[in-house]
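So the structure is just underneath, and the comments pick up after that.
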Amino acid sequence: GCDASILFDETHTLFNEKTALPNLGSTRGYGIVEDAKREVEKTCPGVVSCADILAVAARDASTLVSIPSLKLNYYYFYTIKKDVSSNTNQHYVNNNHVGGPSWTVKFRRRDSTTASHTLAETDLPSPFDPLDRLISGFAKKGLSTRDMVPLSGSHSIGQAQCFLFRDRIYSNGTDIDAGFASTRRRRCPQEDQNGNLDPLDVVTPNQLDNNYFKNLRQKKDRLQSDQVILSGGSTDDIVLEYSNSTHIFASDFAAAMVHSWIVKLGRRDSTTANHTLTEPDLLGPFDPLDRLISGFAKKGLSTRNMVVLSGSHSISQAQCFLFHDRIYSNGTDIDVGFASTRRRRCPQEDQNGNLAPLDLVTPNQLDNNYFKNLRQKKGLLQSDQVLLGSGSTNDIVLEYNNSPRTFASDFAAAMVRMGDISPLTG
């Protein structure tokens, strides 16, 4: 339905998706999308697709206090038009927040011209699905288990209809907290009232946060398809990680909404080159930390972007002359044994073009071993080792050292931002 096929009404020739069981009574807010489309068509006809409006609404709904607070005024629709026409990743912030992350929305989607009730019935995950079916269902769409778990965390907000969790709260099962089940029965009697709504998270029902995962640990969730994510299976460690870290959940949620990273196409090749700009703008392997930070900032990239992108030095090789002085310096910021080993490939005289792996441990893996090397003073380039010294980047290096998933997620996000540095288009 994300191609806007879900918006079609039933006709004598089209069996729509709105009435498919997973959507019936659960998917709401169609009028908001229709109002948005109607508004942008007044001044921007034929440009902004319904699919793009859905994508923007999904992003903004993770940060706004609630859908009703998303006022249907001209300013909001103007910002959508501005967003789409410039193909930028701007996020227009409302003062009321759900607290969830934002992410870059790729625009220029094309609306579907039809709908498929059958696919909506079979492809959308069910609240009764076991773990293996959830994993395979997401995999069918190219989404990993790591994508599936944080996206399930969207159940930190929203509500569920009674019939979707009645069996669970009356089961007296061992996988649901007895007190929680008893309380939920007040909104969901054993007979009738199938459409009664109950918050998916009673603690912070209007916050997109990691409380969803804390609920799983306490067996206080409504849907069976939620609790199976923490049931002795392959997703347990991910749930525990998110329950302990709001930041990692938010980062992975945004990354999963984008999925890896989206490469914006439509770039136009330059018709010239600039040797003069290449010399001062590209950063050097001898640069101190303040120059690295300011150099990235000049291109609109944050210190955090700079640190995570430096992690690309987990792979590839460097020429001898780029680290020659460092390995022969006898300095205190390089491991003695590491320096000695590197000298074998880089004699004190000549052989300037000899290549040596930037990471000796996993030279062909883009992983967080780069940051582990820095902790051991085994950064090959001076511009690498300065990230872990007495400066402002220490905490970021240690975070990536401890969490390969945070590194991978932030790396993807930073690659998107780097890809947005003044591309030629049109």
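Placed from the backbone N, Cα and C atoms, the Cβ positions cover glycine too.
Annotation source TrEMBL lists Ca(2+) 1 binding site at Gly1, Asp3, Ser5, Glu17. In the structure as shown, the Cβ atom of Gly1 (Ca(2+) 1 binding site) sits within 10 Å of 22 other Cβ atoms.
Annotation source TrEMBL lists Ca(2+) 2 binding site at Asp201, Thr204, Asp209. In the structure as shown, the Cβ atom of Thr204 (Ca(2+) 2 binding site) sits within 10 Å of 18 other Cβ atoms.
If you look up TrEMBL, you'll see Cys162-Cys188 marked as disulfide bond. Cβ neighbour count for Cys188 (disulfide bond): 23 (other Cβ atoms within 10 Å of its Cβ, all protein chains included).
Feature annotation from TrEMBL assigns domain 'Plant heme peroxidase family profile' to 1-426.
A gap of 19 Å separates the Cα atoms of Thr204 (Ca(2+) 2 binding site) and Cys162 (disulfide bond).
Closest by Cα distance to Cys188 (disulfide bond), from the binding-site residues Gly1, Ser5, Asp201, is Asp201. Of the recorded residues, Gly1 (Ca(2+) 1 binding site) and Asp209 (Ca(2+) 2 binding site) place their C-alpha atoms 25 Å from one another. For Asp201 (Ca(2+) 2 binding site), the nearest neighbour among the recorded positions Asp3, Ser5, Glu17, Cys162, judged by Cα separation, is Cys162. For the pair Asp209 (Ca(2+) 2 binding site) and Cys162 (disulfide bond), the C-alpha distance works out to 23 angstrom. Taking the binding-site residues Asp3, Glu17, Asp201, Asp209 in turn, the residue surrounded by the fewest other Cβ atoms inside 10 Å of its Cβ turns out to be Asp3.
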